[in-house]
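Record features, source TrEMBL:
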- 514-564: domain 'Cationic amino acid transporter C-terminal' (DOMAIN)
- 75-96: transmembrane segment (TRANSMEM)
- 108-130: transmembrane segment (TRANSMEM)
- 151-172: transmembrane segment (TRANSMEM)
- 204-222: transmembrane segment (TRANSMEM)
- 229-249: transmembrane segment (TRANSMEM)
- 269-289: transmembrane segment (TRANSMEM)
- 301-327: transmembrane segment (TRANSMEM)
- 347-370: transmembrane segment (TRANSMEM)
- 403-421: transmembrane segment (TRANSMEM)
- 484-504: transmembrane segment (TRANSMEM)
- 516-535: transmembrane segment (TRANSMEM)
- 541-559: transmembrane segment (TRANSMEM)
Amino acid sequence: MEVTKGEGLKKRSCCAGCTKTDFLPEPSFENWSNYGKALGQTWSRFTDRITARSPEDYELHEVRARSGHEMKKNLTWWDLCWFGIGAVIGSGIFVLTGQEAKDVVGPAVVLSYVVSGVSAMLSVFCYTEFAVEIPSAGGSFAYLRVELGDFVAFIGAGNILLEYVIGGAAVARSWTSYFATLCNYKPNDFRIHVSSLASDYNELDPIAVAITIIICFLAVYSTKGTSRFNYILSMIHIVVLLFIIIAGFTKADTKNYSDFMPYGARGIFAASAVLFFAYVGFDAVSTMAEETRNPAKDIPLGLVGSMTVTTALYCILAVVLCLMQNYNNIDVDAPFSVAFKDVGMNWAQYVVAFGALKGMTTVLLVSAVGQARYLTHIARTHMVTPWLANVHAKTGTPMNATIVMLTATAIVAFFTNLNILSNLLSISTLFIFMLVAVALLVRRHYVPGETLDADRNKLAVCIVLIIGSSIATAAYWGANSTGWIAYAFTLPLWFLSTLGLWCFVPKARQPKMWGVPMVPWLPSLSILINIFLLGSIDAKSFMRFGLWIVMLLVYYFFIGLHASYDTAKEAEVSGPRAVARVEEGTVGK
């Protein structure tokens, strides 16, 4: 396949065939000899890529061009707001609320939602500034590439994909639970039990696979059509939620709130870490910035507006559930439906189950749209095969990426228990949100070629201290220590590090259209809360997360590094400008 200088990357990525060169077109993979040489240069290539940053205009134009066709710009703030609501209100509120209220936190689950909501809103602010300034389908992957470099972006990318696959799988399995309730069956009546498999993987869920396939067809067909379908369903969903709130309060019994915090403060934060799952999905809206007509206006309204509505609804719904039933009697599979049944409103359980199914359907739909756009942009950089970057000429949607991501989602949903999925998802998501907050601090305080070396070094020290003090706080909390002496050291260290960044490191850039207020305080607080919530998640989930990171690194050093290295070197030769280096603040060679 012949490629002309300056057009190679674009043409390679747009091939319709299915030969090896369509999946691995880079020189390092042309033959075994080239691959052997590439492996021999792994260390030098890694040291090159770990410091490489992608300029904004390069990310927005040259990288975007590798999809062959432009995504259609037909979304408004109204679409984004409903996408945000549709992306978030699903199995988190309808399933995990009951699970955490019964076993972890009690009626104080409402406070857990407040803590998670504050953390999510801080992350929303960080995402919004990036989405307005860098309106790319790559979302947080693109933001990390621009500010923290290729390697950090790759680790972030792997966790983004994990977040969406297991998030979609968790929602799909929850869909089965409420569908069973609607049909007057137990959730496991619709699952296939295989005793030879491990206990957390032996309840096979064919309905979860079926709903994922249907969602795949809808997501591939049209983004605008998906948007219309989403906000029609979301409007119906809001009506059902209002019904739950009003009808639930008529059956409220304040005696159920007599033991408000049976598990203490530790239960509140432990539940917050898991219930963060309920806020996952808003970042999918940032991936639609490339398809938004007026990013500066539409993205802030869409993201902040939808998160405000969602947080308020979550808190009210949590109060309603715990007033209707004693927390010890809450059903962990379908808490709201069973609660109405237990208070004598048998007919209402069907309305609730119907509303829950609507909500989970919209979550799956928006998740499908978002995850495909993430994968598309990652493929544009050749960190994964560029075949996944193709945008279909007729539908204007990333068809290949959508099908691949939802196939992975269906496989995970078929086998894996919800508890495993929710904890692992929370780790991955909190990790990504922490990285985006760090990237925002770098963006505001560091500009290559302009920031003085001394200021760059002070910035690095402050960020390291902010992260380090946050990790120490989370570790001490996670160790179940009852003393307070460690907090008297770690929290002031976080405060002084942030204060030092504010006082002694000058701002290098101001946002052009919309910016996060109170920088560096809000991004630094986002880092602290996200890392602190990580300290409340169980050790087994961290072991699974560590295994995933190891798998990412194996893939990166054997394939992703060499593909992205070849792509970057060709771009440096043929592109309009070279790639900036993180540590130099100058243009790379």
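Positions of Cβ are set from backbone N, Cα and C atoms, glycine also.
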Stretch of maximal Cβ-Cβ contact with the transmembrane segment (229-249) [cut-off: under 8 Å; candidates 108-130, 204-222, 347-370, 516-535, 541-559]: 347-370
Within-chain partners of the transmembrane segment (484-504) [C-beta distance under 8 Å, separation at least 6 from its ends]: 441, 445, 458-459, 462-463, 465-466, 468-470, 472-473, 476, 520-521, 524, 528
Per-state residue totals over the domain 'Cationic amino acid transporter C-terminal' (514-564) - DSSP helix, strand, coil: 40 helix, 0 strand, 11 coil
Touch test for the transmembrane segment (347-370) and the transmembrane segment (541-559), at least 3 Cβ pairs under 8 Å: no
Residues of the parent chain within Cβ reach of the transmembrane segment (516-535), under 8 Å, 6 or more residues beyond its termini: 115-116, 118-119, 122-123, 125-126, 128-129, 269, 272-273, 276, 426-427, 430-431, 433-434, 437-438, 440-441, 444-445, 466-467, 469-471, 473-478, 494, 497-498, 501-502, 507
Leading contact stretch, 108-130, 301-327, 541-559 vs the transmembrane segment (151-172) - CB distance under 8 Å: 541-559
Mean of the pLDDT scores, which run from 0 to 100, over the domain 'Cationic amino acid transporter C-terminal' (514-564): 89
